[in-house]
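The feature ATP binding site is assigned by Swiss-Prot to 10, 11, 12, 13, 14, 15, 16, 17, 18, 38, 119. What Swiss-Prot records for 89, 125, 129, 177, 186, 262, 274 is L-citrulline binding site. Taken from Swiss-Prot, the feature L-aspartate binding site applies to 121, 125, 126, supported by sequence analysis.
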């Protein structure tokens, strides 16, 4: 299928990427495979993953700690954008792909590899995200995609890998396909392919069930500066620690579970389960602090920008000119997004309790109040309403009686 002396493979340790190593060597004639795994805070023993790649036949196996750039450069922009694909999915998995792809391209250049490879199948979104990101960063770099070309079933893939000494990672007791990073978990396949079947509790790992969550509500306060969360309960934290703390707080109370039918890029509807407690909590609070610091017209415009931003990221266009332009709009709005939000966590719910901004609040009590301290000029409303309704009255005077 080609003559590639050296290839850098995006490696996860799963069935597909593990099978890619012997497949690339035997079917593509690749001489050297450098396996690259990204540490995105998934909490797995990545040394095991690294050694597994070597066992499968990789000449070199690398693990890079990308947690800090993942949160600072990808998660925080998503929070500022209130990014929810189809109004529900906070892009916890999608945000990781352009970062992995960019590091893949860097390694290919550093090691003078002739191509890069990934193990994404032809049915999923990740193939699109990887291919678009790689081609945007290195248009002439060859991308090898064996999982789109082989015709093996999942069981055949496992058997294929076992022939080369690769142990099967999926048992009958764990039929799910899972992706995990610091922002959350995505779970699909197995029994979840029946969209009417409730997910078993075993599906969830980082959020408590309603039954097991605390019986007492917990109120917390999250502080924002320029649209970024910077402190929880008065304690200033770095971006990675903010996510970890938010995950622990929201997850303990069972907040952040999502069960949805999702429209994939390739046109397939898919049943997806997500756990993203910290990210969902921070987005909810960020939306609230925006409500008091941004003007009505900016808020209305930003809602449309947010939807388009989430669509672009989901569809693989992280490095597109349009996404960059939307970033510029969002980042400008965030200069005024400063303040704190109080929120109560209890039995799977997160309920806003209050919000304040000392420096940028557009909520003015002297204007909003109905008390004796009201400073709003009520008489001015008459002239405003006359002009505001002028077009309607003109239309009615001409057409109403026809």
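Our numbering is plain: 1 for the first residue shown, then up by one each step along the chain.
Note: Cβ is positioned from N, Cα and C throughout, glycine not excepted.
In the structure as shown, the Cβ atom of residue 10 (ATP binding site) sits within 10 Å of 24 other Cβ atoms. The Cβ of residue 119 (ATP binding site) has 26 other Cβ atoms within 10 Å, all protein chains considered.
For residue 12 (ATP binding site) paired with residue 125 (L-citrulline binding site), the C-alpha to C-alpha distance reads 16 Å. By the criterion of other Cβ atoms within 10 Å of the residue's own Cβ, the least surrounded of the binding-site residues 12, 18, 121, 125, 177 is 121. Binding residues for ATP (10, 11, 12, 13, 14, 15, 16, 17, 18, 38, 119) extend across at most 17 Å, taking the greatest CA-CA distance. Around residue 129 (L-citrulline binding site), the same-chain residues six or more apart in sequence whose CB sits under 8 Å from its CB are 94, 97, 98, 101, 315, 316, 318, listed in sequence order. Taking the Cα atom of each, residue 177 (L-citrulline binding site) and residue 121 (L-aspartate binding site) are about 13 angstrom apart. Cα spacing between residue 126 (L-aspartate binding site) and residue 119 (ATP binding site): 9 Å, rounded to the nearest whole number. The closest partner of residue 18 (ATP binding site) among the binding-site residues, by CA position, is 121; the full candidate set was 121, 125, 186, 262, 274.
Counted within 10 Å of its Cβ, the other Cβ atoms near residue 14 (ATP binding site) come to 18, all protein chains included.
Within the set of binding-site residues 89, 262, 274, the entry lying nearest in space to residue 121 (L-aspartate binding site) is 262 (CA atoms). Between the CA atoms of residue 89 (L-citrulline binding site) and residue 10 (ATP binding site) there is a gap of 24 Å, rounded to the nearest whole number.
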